[in-house]
Amino acid sequence: MALTLMVLCSFVFLGKAGKQLPKKQTYIIHMDKSQMPTDFTDHMEWYGSSLRLVSDAADVLYSYDTVLHGFSTRLSPEESRSLEQLPGILSVTPEVKYELHTTRSPEFLGLEGDNSSSPQAVFPASGSGSEVIVGVLDTGVWPELKSFDDSGLGPIPSRWKGACEEGNNFNSNSCNRKLVGARYFSKGYEAAMGPINESMESKSPRDDDGHGTHTSTTAAGSPVSGASLFGFASGKARGMAPQARVAAYKVCWLGGCFGSDILAAMDKAVVDGVDVISMSIGGEVADYFRDTVSIGAFTAMSNGILVSCSAGNAGPSSESIGNVAPWITTVGAGTLDREFPAYVTLGNGKKYMGVSLYGGKSISNTSLPLVFAGNVSGSLSGDLCMTGSLTPSKVAGKIVVCDRGGNSRAQKGVVVRNAGGLGMILANTEYYGEELVADAHILPSAALGKKAADAVKRYASSDRNPTATIASGGTHLEVQPSPVVAAFSSRGPNSLNPQVLKPDLIAPGVNILAGWTEAAGPTGLDSDKRRVSFNIISGTSMSCPHVSGLAALLKASHPEWSPAAIKSALMTTSYTTYKDGDTIEDVATGNPSTPFDYGAGHVDPMAANDPGLVYDTTVEDYLGFLCALNYTAGLIKRATNRDFTCSGKKYRVEDLNYPSFAVPFETASSRTGGAGSTSMVKYTRTLTNVGSPGTYKASISSGTPTVKISVEPGMLSFGGMNEKKSYTVMFVASSMPSGTISFAHLEWSDGKHKVRSPIAFSWT
């Protein structure tokens, strides 16, 4: 029998000549629709015919007709190369796997109040507010939540062309006037990973993970009173745009999010009629013509749709930023003025504050033996509390100190509990520093910053009978300083195009309360059988939908604004300092943060509603930007799905009409001139008046004497709405060592409005 099985397996993996069959993968094929031969009357017939020329067995997974023209399919490398040689083929690109980047927010952002300047008096509560539709590409939706209650909403906007797709555990009645659409996209995932195991996740728009429900309710959830997680963060939970409609596009599954599915969802979202696309998804930085999200976002933008994406959770490393296309709004993460303290008291009387969302039986009145995981493990990585690493006889009845890293924070608690431990102290190492992220642990726990964690470990290793207690401190509000830049939030400079500053801005992304699935516990672990309607989690995945919802508010308030105008308003009104004038802190270092951390600053929606002036970047501006990157007509077609040929004029990246400035210089050693020489570069921008007539004066605040900055003209007068005026900024820099960075800000003000842009300098 064993021999028979071996022979069968060999047959599966070997060809007729005994050679291994070439491995197939999914490719996205971009076609030039204008080159369809006249023999074909339908482009789908042409796609199929082209595919059959290289493979008799391949099937079309998706056809795309909006964000690009083409299809996706499974091919061997040889077949892909053959297909690429056929007429009408613009590109054959391997599919990319993307990953998810994973209340108090309205009050913190100034969106709750009852005075004359409250958001109720500024942003529409009905009418145009309920006409805006936010499309969320994520893990799906849990439609039964109160956050999707449609009470008080009028009919679904007549322009809406979406659908409520049926599937496992989901039917057409799952949608309503709030959740106006729900679709799922799994063909690419199943082609790469095999059939979906429907005993583990629903082959439908239903969210079995929780991430998609959390992001969609953050963006546009209906108000729900009495919301909390185990009593933490109790109060009214609501999305940023509670009157907006939600459309869910499930593109992420247990094994990840695949490019062919994402592209198909963006294709549908544009046709369906969304106004904002929110994507808390990211992958490796790639050229614009190879980046699935960038390609889809360009067409969405050109159709009047703002695309908001998460910056990534790879901070605090520099050049870790993702989703860097200038037509995408890239969002980093900051904190709220709220925390969930937990207190560790040692047997020597010392007390340390950490954080935790444990909501079960307390051990605050019980002093328990304390041990360091590295001393009670038979594993080399025992200090990390990996699965099976702890020795039960040395752990039972004790509090265990586990180092952070290696596995999920909540998983460490499961390991401790399974070994008989009664509590856990999660200890930050050098890599994590003082950053604290609260989790809904399954046993009494406290996460400590590195300084406190080191003190606890020293005590546990030096005292003959170390003991400790862990106590919850509930919810603390008005914590200062706030916001601070989250350590995990990905940072600039932009590794693809250093002249484009990313992230664009930051928004709340730490310990965010929002809706959750009933298919998973708050930790997301299989062993967590608790069920909640709201959960508190962190990541740029959480900051992205904040901005998506705020963009929906601005779209409702100013339906004539383009995606670029909305983005500009959010950026130029963001703040970078606290009320005392100090710069927003970077929790990773404890030092002032920089535009490479926060972009234009922390979002301020009330100010964004009346920005005075905007940088209204056009489709033609973006095309000119690609020309400046020396893109050929073919590459532009691949990146934008548009026919465009760069003219004979000189294109400059520095002339992209962007609301921020990134100015890279070369060091003296990499150019002629030698030490003491200077570099000069000119940037051009155009401002559009979206407020009352007035005269704006430019001012520069600079933290570097090594760069001289001049603005010409220094004053701009606007007489009417939508009037445009251009200006140039000249930067003259002294040579500095490679790796040097410095910063400045440019502000245009008429006495009422402050239109502020960050400037980031770097020398390489």
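Indices start at 1 and increase along the chain as displayed.
Here the Cβ of each residue, glycine as well, is placed from N, Cα and C on the backbone.
Positions annotated as signal peptide by TrEMBL: 1-17. The domain 'Inhibitor I9' annotation in TrEMBL covers 26-101. The domain 'Peptidase S8/S53' annotation in TrEMBL covers 129-601. Per TrEMBL, the feature active site, charge relay system maps to Asp138, His211, Ser541. Taken from TrEMBL, the feature region 'Disordered' covers 196-222. Summarising the annotation, TrEMBL assigns compositional bias 'Basic and acidic residues' to 200-212. According to TrEMBL, the feature compositional bias 'Low complexity' maps to 213-222.
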Cα-to-Cα gap, Asp138 (active site, charge relay system) vs His211 (active site, charge relay system), nearest whole Å: 7
Tally of DSSP helical, extended and coil residues in the domain 'Inhibitor I9' (26-101): 21 helix, 29 strand, 26 coil
Cα-Cα distance linking Ser541 (active site, charge relay system) and His211 (active site, charge relay system), given in Å to the nearest integer: 8
Around the Cβ of His211 (active site, charge relay system), the count of other Cβ atoms that are within 10 Å: 26
Neighbouring C-beta atoms (10 Å sphere around the C-beta of Ser541 (active site, charge relay system)): 30
Three-state composition of the region 'Disordered' (196-222), taking helix and strand from DSSP: 10 helix, 1 strand, 16 coil
